[in-house]
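*Asks:* Pulled from TrEMBL, these are the listed features:
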ACT_SITE  B:Glu356  active site, proton donor
ACT_SITE  B:His387  active site
ACT_SITE  B:Lys502  active site
Number of protein chains: 2
Amino acid sequence: MVQFTNLDATEAYKKLLALAPHGKSFNFKQELQAERVKAYQVPMAGGLTYSYAAKAVDESILKVLQELADEQELVAKYKLLLDGEVMNTGEKRKVLHHLVRGQLGQKVLHEGKDLGAFYAQELQRFCAFAEKVHQGHYRGTKGTAFDTVVQIGIGGSDLGPRALYLALENWADRQGKRNMKAAFISNVDPDDGSQVLSGLNLESTLFVLVSKSGITQETLANELFVKAKLRAAGLDPAKHMVAVTSETSPLAHNSEYLDSFYIDDFIGGRYSSTSAVGGVILSLAFGPETFKAILSGAHEADTTALERDIRKNPALLDALIGVWERNMLDYPSTAILPYSQALSRFPAHLQQLDMESNGKRVNRFGEVLNYATGPVVFGEPGTNGQHSFYQLLHQGTDIVPLQFIGFAESQRKDDVEVDGSTSQNKLKANLIAQIVAFAKGKDDQNKNKEFPGGRPSSLIYGKTLTPEALGALLAHFENKVMFQGFIWNLNSFDQEGVQLGKVLTKQVLAKNSGDSALEAYAALLSI
Amino acid sequence: MVQFTNLDATEAYKKLLALAPHGKSFNFKQELQAERVKAYQVPMAGGLTYSYAAKAVDESILKVLQELADEQELVAKYKLLLDGEVMNTGEKRKVLHHLVRGQLGQKVLHEGKDLGAFYAQELQRFCAFAEKVHQGHYRGTKGTAFDTVVQIGIGGSDLGPRALYLALENWADRQGKRNMKAAFISNVDPDDGSQVLSGLNLESTLFVLVSKSGITQETLANELFVKAKLRAAGLDPAKHMVAVTSETSPLAHNSEYLDSFYIDDFIGGRYSSTSAVGGVILSLAFGPETFKAILSGAHEADTTALERDIRKNPALLDALIGVWERNMLDYPSTAILPYSQALSRFPAHLQQLDMESNGKRVNRFGEVLNYATGPVVFGEPGTNGQHSFYQLLHQGTDIVPLQFIGFAESQRKDDVEVDGSTSQNKLKANLIAQIVAFAKGKDDQNKNKEFPGGRPSSLIYGKTLTPEALGALLAHFENKVMFQGFIWNLNSFDQEGVQLGKVLTKQVLAKNSGDSALEAYAALLSI
């Protein structure tokens, strides 16, 4: 019987506290040598590798982290999740985003329905739909073939799919896999939808409306905004819009949409990129085979995450090192630094994934915790960040653990050689230089030019950013966040923190809040 | 004679420490009422207002913050800067970004040259150039009028100008002020430049090459990348590129450019948006009058920042409250949350502005400090963030101070009414609801649904996001960061933290680093 225990009630926690350096910097100047770089790496799915040579851990710490993994039964808890246990305890839901990528546990039944078969069927349906669109079977009101797809969704229905789309545009263009261009409308700010639509030919545009519940305020407002524009252009909205929703939502089985594709309550928003939520738009943009390659990379990562040995399970190891940094080194934030412009919005997706999953102060039983949980997550692509916030990362008063991502080759293979090196080689050289600079630092008599070092980072690297590598990268972080939630004894799959704002928003709009501050603020903004 | 003193050596610091609540939450449930909302606001430049009703300060704290402002002579130090004192002590440079917006101090001379007149002359020159481009006086190699401008630059030559461009696109389209569309190439990742160029007609594209030093590795690589593409398209690069640089740079006075516009070492990269660095592309995109309106808003904010009374000086007050939160409440990060999709990249600019300026562990004399300085800064637009990282902000174990920004009206005035309210009203209602939810929270027997509250925020609001409001917003944050640097006794105007990475990058590219870790990482990435 698996036990759910607070981190600070474990034996390993006490051992880790005893190992904590209490402000003393890890001696990277001495420790970070070629042998360590070669030894401290783990193969990942999708042809990627996780390198943790520049993380502030040694053999004694890694040993206790393995003990923590075993004591908290992290892999066993993951298996419970795969087998369809109700792991989202607050909302009493299963957690099944892994199942959309393939079957790793038992067959999962809900009210007699085989959910693995259901997800596979929906995958098959939206892939077939995408092919029919590409073949011109479906066309706009006036008979024009669709060349553009616009997703209407917010949060998990926007950040993940958008990050994946941007990550593969260059790959798809280079590989001849581009079928349609894509755009996204998310914000309830009317300038968002208005601006996106102003640049499009509506006649050749297909919209994907994504809301699991079917009642998301922003998404429904944007749906009606788009439909009004379609009608004003003499077009029939029912011929220009598909829905992605749950079968119990008000949007389901509705003739106002050209077709509908279904998920269910067991696919959380921030974990939904590999379901129909990401699958419809990505299959339309880059073809079903490309989307299936993302699923394949993710499924491989999910399989690797079953390994008990932390030295063979990069998601588990990454999770444990993150907890070491958060709870023993007291670092409150972490930065995601992809050296790949294609991953420009991947940090924004991981920000949601991590902060919405583990930004919790109560455990899965609703008891208030006495230790820090999820960190602040932020990031921008390198080398851009080097000319921006890296100053603080190198020489600020606080230490921020770093997560670098990089690739040997570019996606477009379109480069220039300047001063004896290509831009891709400059990109990689900068990445490597930063890892070593952060870890080792540099002494200087002039303290303003001194780099204290001791600033830990990991590196995920691969040959090139393909759909398989992207799927593996996505699933790596999903599984890392899941393992951290297990370590902290959280429910990583609900988001009660969004509810109060919704209630107060309705009060403001109804102008009868009874809260004088709400009314005073509303007066400031002339509502 | 103005004294430069560490924060922890001031009398006010001791008084503030004595007022620190040591983890006890500010009682917003009781204190945040309509009267406080009305009382705790300050008019800003550009028609904006700064509201600090939901910040965790009271009259006794504000009184000591005023004492701190006086004791640290913050306004006097600002005046020194305006008068051309060498305030960038490490690099022995004046700090003159305010002067590009107008004269507030004495005439500033350098080696006999009147720098105010020099900046005014360059402004006049690039405004005239933009008008000639718009009139078709300058044309592409084959005689086509320019309809697109692409900035090549990184860091301060990218983030600020890009944020301002995105902020005004909708305004310009609505107001008929759009002259050209714009794009940006920044990253040394070759996929960045290759992708941007693949979507353009080079014949009608003008490039603005921006590097103050003229030796920025990324920018020079991208320049040659672009020039090779121009030549391959049968175009003459000299007819398609202007330079923005300093007169002492290798790029200056070079016939390879159609024209060149100058700044100097006294305009720091992250403070250069209102110089030619931002001015050339913004004047080309939206016309010189629009750019001058940005300058006007910024100059008005600079003037307001001269006020000694913190209740009349929003930048000074914002700075002091930030120090209260950083040093007395021990909050290590802060979030920028614009409820305006047009400000989507404004947080990325402020991230550079703040973290590169004040992410320092030594004071202006090069002495290591014993207190926390610049925080981690991150942010995304609302309402998007509500469906993402707000979970942690509401219910996480750490408190993150917030900075909201919002407007009464949209830029495009293109809206839809759903369920009795426009999208713009929903946007504002969400903003107001969040401020109150963060501050007051909500009790609940179920701790998973409880909101602890006590999470402080400020609000900058205005009627609509015009060029004047945008300039005021930009200068507000520049001046806030400057005042915080004075409080912490930093040099906010250098960035020595970028140097070590540059040195190590060269070693990797030369393959003779002598550092086995560098070589081992290079082998991983197959350099």
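Including glycine, each Cβ sits where the backbone N, Cα and C put it.
All TrEMBL annotations are machine predictions without curation.
Note that the coordinates shown come from a computational prediction; the quantities given were computed from them, not determined experimentally.
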*Asks:* Reported as an integer number of Å, what is the Cα distance between B:Glu356 (active site, proton donor) and B:Lys502 (active site)?
*Replies:* 16
*Asks:* Given the active-site residues B:His387, B:Lys502, which one is most crowded in terms of C-beta atoms within 10 angstroms?
*Replies:* B:His387
*Asks:* To the nearest whole angstrom, state the Cα distance for the pair B:His387 (active site) and B:Lys502 (active site).
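*Replies:* B:His387 (active site) to B:Lys502 (active site), Cα-Cα distance: 38 Å.
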*Asks:* Counting every protein chain present, what is the number of Cβ atoms, excluding its own, within 10 Å of the Cβ of the residue listed as 'active site, proton donor'?
*Replies:* 29
